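A.B. asks: Handing you a structure now.
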Amino acid sequence: MNVHGNHGKNRGHESEVRWIISSVIDDLTLSSLNAVNSYLSSVIYVLFIWAECVLYVKKVLVFFASMEWYCYALLGIITALMSFFMDMTVAKLLNAHQWLYRCLKGHHLLQFLCWTLYPACLCALSTSFAHSICPFSAGSGVPEARAILLGMDMPDYLSLSNLFAKLFGLICTLASGSTVFLGKVGPFVHLSVMVGAFMSRLHVSSAKGEMLVVASAVGVASCFGAPVSGVLFSIEVMGTHYSVRNYCPCFFAAACGAITFRLLSVCSTDQETIQALFKTSFSSDLPYQPFEIFIFVLCLSFDWMPGDICCDLTQSCLLFEFIILSRKSLYSAIVAFLLACFTFYHSAGHFIASELTMKQLLTSLLDDTSWYSVSQNASALPEPQKTFWQAWNPPGKSYFQTLGFFITAKVGLLVVACTLPLPAGYFMPVFVYGAAVGRLVGEGSAYFLSDGISSAKSLINPGGYALAGAAAFSGAVTHTLSPALLALEMTGQCSHAVPALVATLVSNAVARAKHRPSFYDGISLIKKLPHLPSLIRYSTMMVLLNEMSLSQSDSLRLWLYHVFYFFPCLPDSPTLLGTINKSQLREHLHQHRNEVIEVIMC
């Protein structure tokens, strides 16, 4: 009986304990639910107030302008931020490399390893990262962006993964320095187009094509702080047939991007005030004699020759890389290592000023001081002009030999570097190369006319020849005139506007007379990307076929843009499927409309 009594008492205690525990749990649960309810109520109230504030701000903003214009401004600001922080990151990486290289002075083997392994590792990292995240991020991106603007549906080239892969890969490529000798303009235009695609998704009322055209102009404007040439670039390169309604949005967004980029430079103490990226100080009293224009035209009109050779060799090497290349990271590392071996100072680097970065190369070439006059008293030069002079005039060599070898060697080095399967631009290397050609012409003129010109005794300005040479050569390679305006905006120099524009026009005309595709057109042909020919010629045949209602075919609508080459093929939606040649078109039309064949044959 006692045992059973003890068990009964224990059960009573257990039930009391369970009751107490359940009561405590119920109280805690009730208090927790009350706390959660009050918290959720506060959050919902804050979100409601925030939504009301956003709607009010939107209403106020729409009162002044439509939301598209704010999207254009935001596009320019975001792109400028990307450009500025990319430049800052690349500058820090380049400074770290130069610091390490200087610390190893006197140890040639260690300097060689530092000089060669650094760009090789960066190029391998850029290639592996780009192709592992998004294999479409390699290359310039301008031909693909242009194909998208023409109506091709290429969502992989506008994806978020492509954006991050191209951004990181481009930073690694630029950090390789002048050893690899590649730029950022083309990939950054592609990055800007990708940002524009995301902006158009956020604001569905704006047309996607219009936002992408605006983004292409912002890309150039945010690279150099040059809004006018950015808009002209979007007209000449990105849009085969430009819509006038995009003119004002392009200028507005490009101006926002250029102003933001320059303000960031001032805030970071890189510049004291808002000024050109490569500020020059050419004399405006008598910048050049009238007869010098003939020197500009005659000498710089031959810029198409190395440009033509460079385009042909680059397209051949790109075709080789496009067909048989399999191990891309290893290939990039090997090519970068070989380029670094050639540009090492104790190898052939002291003949081509290899220790200068891309920015330093262009700054030294645009210097208005004649190197012939500098050679008379080089010890009195301040920094950084003294460093530039020592790079271009190494011991035992003259600056004529250095410039000549730079022009000769950089053609082959640039062609090899263009085959690297990583995010890289090709405009800036061509621009620097043209500046070197112009500088050689200017220094030769200054040497033979060292006593001045005519009775005014005005000295030759080699920097002006470098400016015109950069514009002429890059214009001949790309078949555009925007480099002439870009050269003026980059340097803030308007005194040489006429020589730069005339030299660009002449070199462009000579390059186009050979009926060869431009650099970007050549890449489009290699990658078999669609491109529309001009609408100017054979417009009467287009009107004739438009009147014949070819769109009655259920499978395709065929619009004729060019009689002798290709026809763009479009379905019912405004999406470009591709192109069709004349024989295939005739065969197709023979199956549907026999009477159309007779008209085309005539």
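A Cβ is built for glycine as well, from the same backbone N, Cα and C atoms used for every other residue.
OK, TrEMBL features for this one:
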TRANSMEM  39-57  transmembrane segment
TRANSMEM  69-86  transmembrane segment
TRANSMEM  117-142  transmembrane segment
TRANSMEM  163-182  transmembrane segment
TRANSMEM  211-232  transmembrane segment
TRANSMEM  244-264  transmembrane segment
TRANSMEM  330-353  transmembrane segment
TRANSMEM  399-422  transmembrane segment
A.B. asks: I need to check the long-range neighbours of the transmembrane segment (211-232): which residues 6 or more away from its ends have a CB within less than 8 Å of a CB in the stretch?
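C.D. replies: Sequence-remote neighbours of the transmembrane segment (211-232) are 71-72, 75-76, 79-80, 82-83, 145, 148-149, 184-185, 188-193, 195-197, 199-200, 238-239, 242-243, 246-247, 249-251, 253-258, 260-262, 276-277, 480-483, 485-486, 489-490.
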A.B. asks: Quick one: do the transmembrane segment (117-142) and the transmembrane segment (69-86) have at least 3 Cβ pairs under 8 Å, skipping pairs fewer than 6 apart in sequence?
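C.D. replies: Counting Cβ pairs under 8 Å, fewer than 3, so no.
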A.B. asks: Give the nonlocal contacts of the transmembrane segment (69-86) in its own chain as ranges (CB under 8 Å, at least six residues past its ends).
C.D. replies: 61, 167, 170-171, 174, 184, 188, 191-192, 195-196, 199, 202-203, 206, 211, 214-215, 218-219, 221-223, 249, 252-258, 260-261, 264-265, 268
